[in-house]
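Taken from Swiss-Prot, the feature domain 'UBA' covers 1-57. Look at Swiss-Prot and you will find 56-84, 266-290 tagged as region 'Disordered'. Residues annotated as compositional bias 'Low complexity' in Swiss-Prot: 68-82. Swiss-Prot lists Ser319, Ser581 with the feature phosphoserine.
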Amino acid sequence: MASNMDREMILADFQACTGIENIDEAITLLEQNNWDLVAAINGVIPQENGILQSDFGGETMPGPTFDPASHPAPASTPSSSAFRPVMPSRQIVERQPRMLDFRVEYRDRNVDVVLEDSCTVGEIKQILENELQIPVPKMLLKGWKTGDVEDSTVLKSLHLPKNNSLYVLTPDLPPPSSSSHAGALQESLNQNFMLIITHREVQREYNLNFSGSSTVQEVKRNVYDLTSIPVRHQLWEGWPASATDDSMCLAESGLSYPCHRLTVGRRTSPVQTREQSEEQSTDVHMVSDSDGDDFEDASEFGVDDGEVFGMASSTLRKSPMMPENAENEGDALLQFTAEFSSRYGDCHPVFFIGSLEAAFQEAFYVKARDRKLLAIYLHHDESVLTNVFCSQMLCAESIVSYLSQNFITWAWDLTKDTNRARFLTMCNRHFGSVIAQTIRTQKTDQFPLFLIIMGKRSSNEVLNVIQGNTTVDELMMRLMAAMEIFSAQQQEDIKDEDEREARENVKREQDEAYRLSLEADRAKREAHEREMAEQFRLEQIRKEQEEEREAIRLSLEQALPPEPKEENAEPVSKLRIRTPSGEFLERRFLASNKLQIVFDFVASKGFPWDEFKLLSTFPRRDVTQLDPNKSLLEVNLFPQETLFLQAKE
C-alpha cells in the first residue's frame, strides 16, 4: 500500500503523463489499478508495440523501449517523481484507438453505444436518433461529468472512463398520451422525491423527502419551517415549467426522479439585491485567487489526504459530517445529509432520517411484501478512500437507483470518537459483539464501510460488510447478491405470512360461525321459553275457565228440582235432548216447571245456554229464544218432546 506522500507524487505523474486534469477521474483510474502507475497509464494509453516498463522490475518486451537496467531509479525524495520512465514513452509514435462504452437511459429504455474516443458527441446523438426515433435537435444528452457539452466536442477531450452512464431529455416533445400515462402517474404518486433545496442567503442545503402525492404548497410550507421565509416572500429557482400551480402534486410537476435540485431565497428590494451581488462578486474573486495553488501548496501547508484526494470542485470543509455528542439522531442525520450533498452533489442515496431503531421499523417490521434490506453507510473523513467511494461509487446513478428501490439507507459518521463509541454501542445491542468487534478493529484506511442488514424473525443478520476499496460494478454485484438472499427469505416469509393469515381467517370465520350459532341457539331457546310460558298461561286460563264452568255446572245441578216420577199426580212432561255428539239426555219435568229449569238442566250437563241453543222440529223453533219464565205447558213442551242441542255461531 503506497504511502500518502507516494500517492501524491503518483497522482501528479499520472496527470502529467495522461493529460487528465480531473482529479476524481485520475484517482478512480489509479484505484482500479491499485495505484500501479504503469498499469494505470497503459489502461489509458494502450500501445501497439508493448506496454510501458516499470522501474520496479518485470519482463521486458522487445522493441525500442526504455531499458531500466541502464538507468537505475534513484531513491525517492519528497520532491522527486515516483515514476522515471516517462520520456521514453513518447518514442512510441502511434496509439491504438480507445473504445468507450455508453449506457444511455431514456424513459424506460436503455441503449448501449460503443464508440472510439476520437468520435464526437454528435455521433452519439445520431446513433440514438436511429435507436430512439428522436430527432437530434429535440434531444438533450445529459450526465456528462464536465457539464453540458457541444455536439462537436471530441470524446477524447472529455477524458472519460471506459464505462459511462448518460440520459436523454426531450423537453420539446410532448409526453406519451397512451393509457400507460395514468399508470405511470399512479406509480409516480407512490414514489418518494428527494428535493435538495439550497437556501441562497445562508448557503445551506436541505435534503427533504416528499411523496409524489405531496403538493408544491406543502413543500413551500416545509421550507418556511426550516428557513423562516414566509411562502409569499419565497423566491424559487429550479421548478419545472409545468409546475405552475401550488396545488399541483409533485408527481405531475415534472420533477427529476429520484433527486431534484431547487434554490430558494427571500424576495428583497433592488438596493439589497445590488449590495448582495457586489458582495458575492468580491467573494468569488477572492476564492479564485487561491484556487490555482491549492494542490501545489497542499503538502507545504499540511492539508490532509482527504482534501488532496477530494473532489476537484469541492472547497475546504466548513463543518463536520455529524455534530459531536449529538443527542438526537434525527438532527444528526439531517446535518449529515446536508453536508453530504454539499460535498458530493445532489444525486446520492436517500438517507433515512431517524434513529436506527426507526430504520429497523421501516425496513423489517412491516408486512413481508413491503420489507426491504437495510444498508448502513459508515463514513470516516480521515480515510483516503472516502471521497472516491462517495463521489464515484455511492453517488453513481445506478447505485442510487438500486438503493432507493430495494433498501432503506441509514448513515453514521465515525470520524469523532464519541460518535464511533455511540454507534458501537448500538451495533453491539442490535447485531451482537462479533459485528461490533469487526467494526472496532477496522483501520481508518479501510473505511468507509457499507453494512447490508437483513431482518429475520428473532434477530438481525449482517449479510455483507463492504469496504471502501471497491468499484461500482463490484458494489452493485454485492448488493444484488444480498438482494437474492433477501428475496429468497422474503418469499418464505410471504408464504408463512399468507398461511398464517389464512389460518387466522379460518379461525375468525369459525369464531364468527360459532358466535352466530350461539346467538341462534339463544334466540331459539328464548323463543321456546316464550312459547312455553304462553302455553302455560293459556293452560292456566283454560283450567280456570273449566273450573269456573264446573263450579257453575255443579251449582246448577244442585239447584235443579227433583225429577218427578212417571205416576205423579201432576202432569209430567218428558223431554229427550240430543247432544251434538249424538247422545240423548232424558228427564221428566213437571208441566208447570218453568222453561228456565230445562235450560239449567242442559247447562248442568255441560251445555250452557249462552253457548248452545235448543231446537224443536215440529214446529221448528229456537226454544232458547222463548221466555224462560213460561211453563213447559205454556210453550207446548208437553207431554213429551224431542229437542236438539246446537252450538251457537
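Start at 1 and count along the chain as shown; that gives each residue its number.
Placement of Cβ uses the backbone N, Cα and C atoms for every residue, glycine included.
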So among the modified residues Ser319, Ser581, who's got the most Cβ atoms within 10 Å?
Ser319
Across the domain 'UBA' (1-57), what does the mean pLDDT come to, as a whole number?
71
State the Cα to Cα distance, in Å, between Ser581 (phosphoserine) and Ser319 (phosphoserine), rounded to an integer.
119
